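Record features (Swiss-Prot):
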DOMAIN    24-207  domain 'EngB-type G'
BINDING   32-39, 59-63, 81-84, 148-151, 186-188  GTP binding site
BINDING   SER39, THR61  Mg(2+) binding site
Amino acid sequence: MAFLLHQARFYTTVNHLRDLPPTVQPEIAFAGRSNAGKSTAINVLCNQKRLAFASKTPGRTQHINYFSVGPAAEPVANLVDLPGYGYAEVPGAAKAHWEMLLSSYLATRSQLCGLILMMDSRRPLTDLDRRMIEWFVPTGKPIHTLLTKCDKLTRQESINALRNTQKGLDAYREQGVKGKLTVQLFSALKRTGLDEAHELIESWVRPSVADEKSEPVAQ
């Protein structure tokens, strides 16, 4: 999948549900608070510097951006960059539009096979992060959390952040949530967790390939 993600290109941008592309390829959505490092993480995962753009004004971008991955003639999946959330100075009308767009997309998009949720490792699981989770968990599809900027933490702080976030996610399972809720440390700067994230996305997009890799080789 690393090589597959490295074949990523801009596909389209969407501001209304009616404009979502009529594609059939599986989609992986990326969500996170403004300044959680979402655009940087996407660029590192795709081995590009300027694929996903971060607005200089947090909360300014309110569009859904699509990036196709795989061969240009026959893309095998789409990465979907959702608008960042949580910036206090965004006008009320923009917040309402963001809430409608994201909640409807996450709840109803049949092509969506999983959600990558970006959280700053220094302050994970805010109320808005929980809202994103609660919009998506009814689908039964997996959510994988990247605790970004973990290079800014000490080893013990990283352990605590990982443990506390997993505990928060486990609470949803105790409520009967069926989809997988997993978490890992990630640093775009140090490339920490890059291989793990690649492998997980591969298992979502091409589960048959991932299953073959996990099967023991016959002797």
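Including glycine, each Cβ sits where the backbone N, Cα and C put it.
Quantities reported herein were computed from a predicted structural model and do not represent experimental measurements.
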| note | A correct count of other C-beta atoms within 10 Å of the C-beta of PRO83 (GTP binding site) gives 23
| Which of the listed binding-site residues (LYS38, HIS63, LYS149) has the least company, meaning the fewest other Cβ atoms within 10 Å of its Cβ? | HIS63
| request: Do me a favour and check the Cα-Cα span between PRO83 (GTP binding site) and SER39 (Mg(2+) binding site); whole Å is fine. | output: 10
| said: Which secondary structure state does DSSP assign to LYS149 (GTP binding site), in the simple three-class scheme? | reply: coil
| said: Could you tell me the mean pLDDT the prediction assigns to the domain 'EngB-type G' (24-207)? | reply: 91
